[in-house]
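> The following feature annotations were taken from TrEMBL:
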DOMAIN    1-382  domain 'LRRC8 pannexin-like TM region'
TRANSMEM  27-47  transmembrane segment
REGION    70-90  region 'Disordered'
COMPBIAS  77-88  compositional bias 'Low complexity'
COMPBIAS  113-122  compositional bias 'Polar residues'
REGION    113-135  region 'Disordered'
COMPBIAS  123-135  compositional bias 'Basic and acidic residues'
TRANSMEM  162-182  transmembrane segment
TRANSMEM  364-386  transmembrane segment
DOMAIN    678-756  domain 'Disease resistance R13L4/SHOC-2-like LRR'
Amino acid sequence: MFTLAEVASLSDIQPTYRILKPWWDVFMDYLAVVMLMVAIFAGTMQLTKDQVVCLPVLQSTVSSKVQPDTSGKADFTTVETTTGQGEEASMRTVSFGSAPTVTPDIFLSGATSSQYPSTESGQEPKKEQKDSSGRKTNLDFQQYVFINQMCYHLALPWYSKYFPYLVLIHTIILIVSSNFWFKYPKTCSKIEHFVSILGKCFESPWTTKALSETACEDSEENKQRLTGAQSLPKYVSTSSDEGSPSASTPMITKSGFKFSADKPMIEIPSVTILDKKDGEQAKALFEKVRKFRAHVEDSDLIYKLYVGQTVIKTVKFIFILCYTANFVNTISFEHICNPKVEHLIGYTQFECTHNMAYMLKKLLISYISLICVYGFICLYTLFWLVRIPLKEYSFEKVREESSFSDIPDVKNDFAFLLHMVDQYDQLYSKRFGVFLSEVSENKLRGISLNHEWTYEKLRQHVSRNAQDKQELHLFMLSGVPDAVFDLTDLDVLKLELIPEAKITAKISQMTNLQELHLYHCPAKVEQTAFSFLRDHLRCLHVKFTDVAEIPAWVYLLKTLRELYLIGNLNSENNKMIGLESLRELRHLKILHVKSNLTKIPPNITDVAPHLTKLVIHNDGTKLVVLNSLKKMTNVAELELQNCELERIPHAIFSLSNLQELDLKSNSIRTIEEIISFQHLKRLTCLKLWHNKIVSIPSSITHIKNLESLYLSNNKLETLPAAVFSLQKLRCLDVSFNSIAVIPVEIGLLQNLQHFHITGNKVDVLPKQLFKCVKLRTLSLGQNCITSIPDKISQLLQLTYLELKGNCLDRLPVTLGQCQLLRKSGLVVEDHLFDALPSEVKEVLNQDTSIPFANGI
């Protein structure tokens, strides 16, 4: 038999799963245990006391009469019995009063008969003969044992013999059906994770803090405490014991939890600061809940399995009830047995009694009663499963009772598990909902962030940029620390990859702030903060993946002067993703767009009348439509980089105020249209670098006011004389082409200050080059030059000289006469510098505060 421990283990479920067992499952488990005990009790009784007692049914009997005792003191009855074999046997029954004494299996002899008075011949008996109370069967003990065993198997109904085992099997099946969803691997793993996360969410200090703040915000007692505590120092918290919410950022607006007191009291509760370890655990819980939701919400296997096992239990109940009801009447105390062993026993029929019949019948009725109750609960479970949509769960009540209005509704297995938990205690789902709220997560992150990023730590991250401005760059934080707004002398603030950035009213303290960078950071601003930015912000950089990431308030910054937009402004099917109207940016002067445009966005024309600089970096996407440029009559600087342009756009020739044009990194092969630049009287800088230009047309001479010409990284082989007719030219860059000869006409450029011809095939420097006495930068590196003329000493303003990568044997000694040239501005091989005379090296090694520039 089973031990008690083994029986208990059959229905044992891990205690942590109890929160997923509604009352009907618990009740059915208890019913199953009772049915199990019925099976065990019946089985034990059957194994220890179950037996059948059988006696033969006699075929014929001869009755003898017994004369009554005349004295009335004793009655003597003599019974003769004839067996089936024809044998005769006599048995005397001696009766005293009404209690006769039976002496079976003893033959009457003369000795025994003489002890009693016999009747005389011919004399009538005084009493009528009565039936004897015992009959001789002439069966020995072994024959009784044999026939009892035979009839136990033949005459006894099978249900009487196997009833305990059937009950045991049925009960085990019902127990397995009830708990199969806890054991099946596909569902067990999800349930284990859910129970584990739910328990941690319930016990998390962050949950307690959130709910406590909710209660405090709604309780009248808290309002009275806050009113009475106004005279307290500012650094003292006046919140509940568990949280310290501020009036501007309430944790929860409504709650079902209320603090009550007989008398309102003014108290100073403890400062509610989460321990760092608790904060980290809470953040980890948010991440676990997010991943668990994504993992569980995509299927409804747990729900289907629970419905399936409930249906199985219901079918099992109907099956048990149907066939068991038919066998209630078959359990009887008396049974007729025909074993067909007459040749061994001498009798053909036996009448048997089953000593366990009464007990089994009572147990069977009890079992049927339990099964009926079990079945009604199964039917109720099915009704519950059908009555409400269990694959949908709404946190509507939690949202109404709290400030966490963003708690999402869940579905599928996630919803079903929450419905099951609600049957145990609805407080679990309320606490669990806290960790589904992004608002709650952001508040937690804000608390942790402010503790980690203090004013002192932020001050250490402030640096000086190239413009000598104080700059702070915050990268991949959960939010903007409050201490940032205490850096009142900050000039530039960069926020990168901070999806939950919020700019509060405290930014109005940062009176020096004029430049803001938002890289993948759709920052939200409070109304007061927006008013400050609208009046003070001058430069804004926005980097985004989708145009929706650009904050709406950006389009309303009336005093903004520079706007940099970096991101995708074109969809896959080449339909423009529209920016919002830029009409409100009334003071915008510089617009920088780095995207993948096929045409200039129409909204850019909103700022066309006052825009002075337009930069478009197109990342290799061909810019086809440029007609909008004609409306930008005030644009002085225009950059169209990496736009796959094959020719100079005609729309540019309408920009009468254009001073600088940059067409870098395009596919321009010919620049014959350059003659049209003669209409651009103010054009002073032309950058056609990093293209595929093979020649320079002579019509370039018409650009009379050109001061800078950049033609580096093209395919030029010669420099036409027309280039050197540009008398105002101060910077000429033809680096990295295939030019072999520097024309002698270069001496005509008397205003030339920067000349770059690095990376060509020049082998000889013309003497006329050194007539350009205003040269400050001369880049001759990576050519085939074999010697430097001594006339280089005429370049008295030279501050930068690049000679590295040539075929030089020595440097001219006259380098020492270049008064402004220093070693830091001389790019040459070390051995050539070391070969110079010591006095020349001393001159070149002298310290100087005069800066030099390379002109690029």
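Cβ from N, Cα, C; glycine included.
Thinking about packing and proximity, how do these listed features fit into the structure?
When averaged over the domain 'LRRC8 pannexin-like TM region' (1-382), pLDDT in the model lands at 66.
Proximity of distant same-chain residues to the transmembrane segment (27-47), defined by a Cβ-Cβ separation under 8 Å and at least 6 residues beyond the stretch ends, is recorded for 1-2, 7, 10-11, 13, 21, 161, 163-165, 167-168, 170-172, 174-175, 178, 313, 356, 359-360, 363, 366-367, 370-371, 373-374, 377-378.
Panel annotation: around the transmembrane segment (364-386), residues 24-25, 27-28, 31-32, 34-35, 38, 163, 167, 174, 306-307, 310-311, 313-314, 317-318, 320-321, 324-325, 327-328, 331 of the same chain, lying at least six beyond its termini, place a Cβ under 8 Å from a Cβ of the stretch.
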> Residue list, the transmembrane segment (162-182) vs rest of chain: Cβ under 8 Å, 6 or more residues beyond ends.
10-11, 13-14, 17, 20, 25, 28-29, 32, 35-36, 38-40, 42-43, 46, 188, 191, 302, 305-306, 309, 312-313, 316, 320, 331, 360, 363-364, 367, 374
> Quick one: DSSP breakdown of the domain 'Disease resistance R13L4/SHOC-2-like LRR' (678-756) into helix, strand and coil?
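Each residue of the domain 'Disease resistance R13L4/SHOC-2-like LRR' (678-756) counted once, the result is 17 helix, 12 strand, 50 coil.
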